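A short worksheet on the structure shown next.
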Amino acid sequence: MSPYALSMLMSSLAVGTIVTLSSHHWFLAWMGLEINTLAIIPLMTKMHHPRATESATKYFLTQATASALILFSTTINAWMTGEWSIMNMTNPTPTVILTLALAIKLGIAPFHLWLPDVLQGLNMLTCLILSTWQKLAPMALMMLTSHQLNTNLLIAMALMSTIIGGWGGLNQTQMRKIMAYSSIAHLGWMILVISFAPSLALLNLLVYLVLTSSMFLMLMTLNSTNTNKLSISWLKTPTLAASMMVTLMALGGLPPTSGFLPKWLILQEMTKQHLGTLSALMAMSALLSLFFYIRLSYTISMTSPPNISNSSLTWRKKKNLTYLIPILIIMSATMMPITPTLLLLN
């Protein structure tokens with residue numbers, strides 16, 4: 001792809017998200033989401049492969065449906081209240097439609113089926129953008145309207161997302177599908193607490209962005225798209241493979257990594273809201289995700305391919321964005337000490 005076209009598309013992605021984040025009017029927020037969708041589709045199809053075309057088509061149809069539902073719900077709300085303000089979603093019918101539309105956009109269960117298939121057909125950089133940057137605008141709209149959304153519906157979708165995100169990744173060997181199910185599970189934790197403490201949902205989103213970016217950049221550096229290729233990563237770069245194990249444990253939420261911080265605070269908040277049974281179910285569903293993260297760590301560290309190269313140095317292509325990896329790895333492992341500060345801010 002031409003660098004001029006690429007820069008224009010990346011700028012459009014940034015503009016679309018910023019327009020949605022800074023808008024108070026529903027129509028302007030909807031325009032930002034549409035700019036985002038239209039900007040990423042050429043990035044998806046730049047590989048000129050049938051799988052990429054299939055992924056772009058599925059993504060476009062899903063996002064178009066969600067955008068139509070957002071416009072439909074906001075039009076009904078404007079018709080009933082006379083206002084287009086994002087903060088004024090008082091009627092239950094448009095609020096439920098809006099919740100379902102944002103769930104489709106984010107890939108929250110039971111509207112998650114498009115996400116693993118779409119990611120599987122894309123290259124790692126586009127998967128990184130789709131899993132991180134494209135979540136910002138819909139999640140911002142969900143946080144802005146969190147005090148008006150149906151709490152029971154959000155809790156049901158959150159529990160379903162964490163269970164399906166853990167269960168769906170158990171039998172996968174493709175890294176992109178594993179990261180898709182990981183994304184579904186993390187989104188479940190975010191929308192669980194969004195009605196009670198939006199600041200915790202924002203913290204969970206920031207930690208998720210750091211961990212997912214770190215994981216995708218390491219996979220791009222190692223050129224690993226499945227578990228078989230991941231098993232030779234220790235021979236290529238032992239330091240990076242060890243760092244990937246730490247990031248996987250952080251994704252699973254094991255202490256003392258950064259991934260434990262939001263889960264701990266969310267379970268604490270749920271207990272304060274007298275939702276002990278729900279907290280126990282969420283904690284047990286997190287064990288499903290933790291199982292396949294541990295399985296990946298085992299693949300990296302304790303398995304070796306049948307034919308090991310005799311050369312002491314392995315040839316590998318120089319990758320861009322490698323300077324970001326050490327920063328993200330450090331953030332993935334060392335955010336626990338700032339917990340008291342975050343508790344004071346909350």
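Using N, Cα and C of the backbone, Cβ positions are placed for all residues, glycine too.
Copied over from TrEMBL, here are the features:
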- 23-288: domain 'NADH:quinone oxidoreductase/Mrp antiporter transmembrane' (DOMAIN)
- 26-44: transmembrane segment (TRANSMEM)
- 56-76: transmembrane segment (TRANSMEM)
- 96-115: transmembrane segment (TRANSMEM)
- 153-171: transmembrane segment (TRANSMEM)
- 234-254: transmembrane segment (TRANSMEM)
- 274-294: transmembrane segment (TRANSMEM)
- 290-342: domain 'NADH dehydrogenase subunit 2 C-terminal' (DOMAIN)
- 321-345: transmembrane segment (TRANSMEM)
Inquiry  = Assess whether the transmembrane segment (153-171) lies in contact with the transmembrane segment (96-115), where contact requires at least three Cβ pairs under 8 Å among residues 6 or more apart in sequence.
reply    = yes
Query = Can you find at least 3 Cβ pairs under 8 Å between the transmembrane segment (234-254) and the transmembrane segment (96-115), where each pair is 6 or more residues apart in sequence?
reply = no
Remark   = Under 8 Å Cβ-Cβ from the transmembrane segment (274-294), and at least six residues away from its ends along the same chain, one finds 155, 158-159, 162-163, 165-167, 169-170, 172, 178, 181-182, 185, 188-189, 192, 248-249, 251-254, 263, 266-267
Task = Could you tell me what the rest of the chain brings near the transmembrane segment (26-44), counting residues at least six beyond its ends with Cβ under 8 Å?
result = 1, 5-6, 9-10, 12-13, 15-20, 52, 55-56, 59-60, 63-64, 67, 70-71, 74, 77-78, 84-86, 105, 121-122, 126, 129-130, 134, 137-138, 141
